[in-house]
Amino acid sequence: QFPTDYDEGQDDRPKVGLGARGHRPYDKKKEEAPSLRPVPPPISGGGYRARPATATVGQKKVERKPPDADGCLHADPDLGVLCPTGCKLQDTLVRQERPIRKSIEDLRNTVDSVSRTSSSTFQYITLLKNMWKGRQNQVQDNENVVNEYSSHLEKHQLYIDETVKNNIPTKLRVLRSILENLRSKIQKLESDVSTQMEYCRTPCTVTCNIPVVSGKECEKIIRNEGETSEMYLIQPEDSSKPYRVYCDMKTEKGGWTVIQNRQDGSVDFGRKWDPYKQGFGNIATNAEGKKYCGVPGEYWLGNDRISQLTNMGPTKLLIEMEDWKGDKVTALYEGFTVQNEANKYQLSVSKYKGTAGNALIEGASQLVGENRTMTIHNSMFFSTYDRDNDGWKTTDPRKQCSKEDGGGWWYNRCHAANPNGRYYWGGAYTWDMAKHGTDDGVVWMNWQGSWYSMKKMSMKIRPYFPEQ
């Protein structure tokens with residue numbers, strides 16, 4: 001960048017008075033000090049002679065004798081000597097030679113100085129021209145850069161305008177819709193929680209009317225003309241006390257005693273040995289507008305009772321399940337027995353039929369070899385997180401199927417089916433949602449895999465009898 005002495009189109013600036021240097025200020029750092037030019041010598045040589053004096057009237061004219069000038073005298077005495085002699089001329093030239101030589105030398109010096117000054121001036125002018133060209137190139141480059149930045153700014157401005165006018169409102173509408181959806185779900189969950197809190201405010205009791213008809217199990221009740229699916233009292237043995245169960249009188253000709261039911265996650269199945277032994281949960285609730293308990297709740301009938309019922313004679317087990325799309329499958333085992341507590345409620349199942357996959361006998365169909373064998377449930381002991389009877393043989397007490405998979409069950413190492421696992425809304429879940437990072441949902445691997453928790457699952461038993 002160089003300072004300029006030109007206005008460069010700044011005609012619109014306010015006019016100010018010029019200083020002593022006008023518009024060319026002297027910059028001591030960038031300019032040489034100005035030098036004075038030599039003074040030229042005075043002009044020498046002859047001039048006019050003095051004018052003759054004019055005689056006044058009456059004045060006597062005096063004859064003037066011209067001096068001897070070593071030359072020829074003019075005929076007219078007033079004109080004096082015509083020309084000097086050679087010697088006189090030589091003397092005159094000699095007298096005038098020195099000042100003339102000095103004047104010539106001075107002139108030569110003056111010419112040299114003027115030449116040097118002209119060369120410096122030319123160089124300065126050339127420098128100014130180059131500076132001017134450089135300034136013009138800079139101005140052009142700056143204009144190009146400004147134009148380029150202006151183009152970029154215009155594009156960014158258009159993008160911002162487009163984003164602000166279109167994208168952001170669209171995203172805001174989407175977010176608003178999501179928030180409304182979440183608000184609706186939260187309100188529903190709050191309502192469900194309030195309902196469950198009302199259920200759990202006091203120990204679970206049944207306030208429904210219980211039918212008079214009874215029997216040792218639900219098959220006997222249907223044979224005694226108890227045809228409605230609801231809660232009944234059964235008494236397997238005369239020596240035992242009657243207890244409540246839910247009887248399914250519609251599925252596969254009815255007569256099914258429900259020993260387990262999952263449908264809404266309202267009951268925690270992560271319990272100790274004694275609750276699983278005795279049973280827990282809500283057997284049934286009253287149907288809307290009806291005075292009987294026609295809606296099954298979530299419950300586990302109890303290992304002692306299940307063992308008692310299955311040891312009364314050959315027993316079938318029907319497992320029904322439903323996913324979150326409403327699709328349903330079943331697993332029917334025509335042989336089902338649970339041993340007593342002394343034998344750790346050991347499981348025995350046989351003769352599978354159905355559409356869900358034979359998870360209890362064959363293990364997880366996705367696995368092969370030893371890995372599949374470790375998921376077979378048949379012949380396993382019952383385990384809870386405080387009574388470890390599973391098939392996972394490890395010295396690490398933390399490695400326990402019931403603790404990691406959320407419920408009590410006939411675990412191997414660990415499961416292909418997990419009906420008593422943790423309840424996950426929506427079906428699909430991931431390891432980071434699980435308490436221990438395991439597939440701890442209400443799982444039937446042979447149908448929906450490890451990471452899908454069923455919406456509904458129930459286990460029902462009925463005495464075996466020949467079909468007509």
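Just so it is clear, glycine is given a Cβ too, placed from its N, Cα and C backbone atoms.
Quick caveat, the model's predicted, so the values are computed rather than measured.
If you look up Swiss-Prot, you'll see 1-54 marked as region 'Disordered'.
Taken from Swiss-Prot, the feature sulfotyrosine applies to Tyr6.
The coiled coil feature in Swiss-Prot is assigned to 88-204; the stated evidence is a curator's inference. In this model, the coiled coil (88-204) carries an average pLDDT of 81.
Swiss-Prot lists Asn371 with the feature N-linked glycosylation site. For Asn371 (N-linked glycosylation site), the Cβ neighbour count at a 10 Å cut-off comes to 12, with all displayed protein chains included. In the three-state DSSP assignment, the secondary structure recorded for Asn371 (N-linked glycosylation site) is helix.
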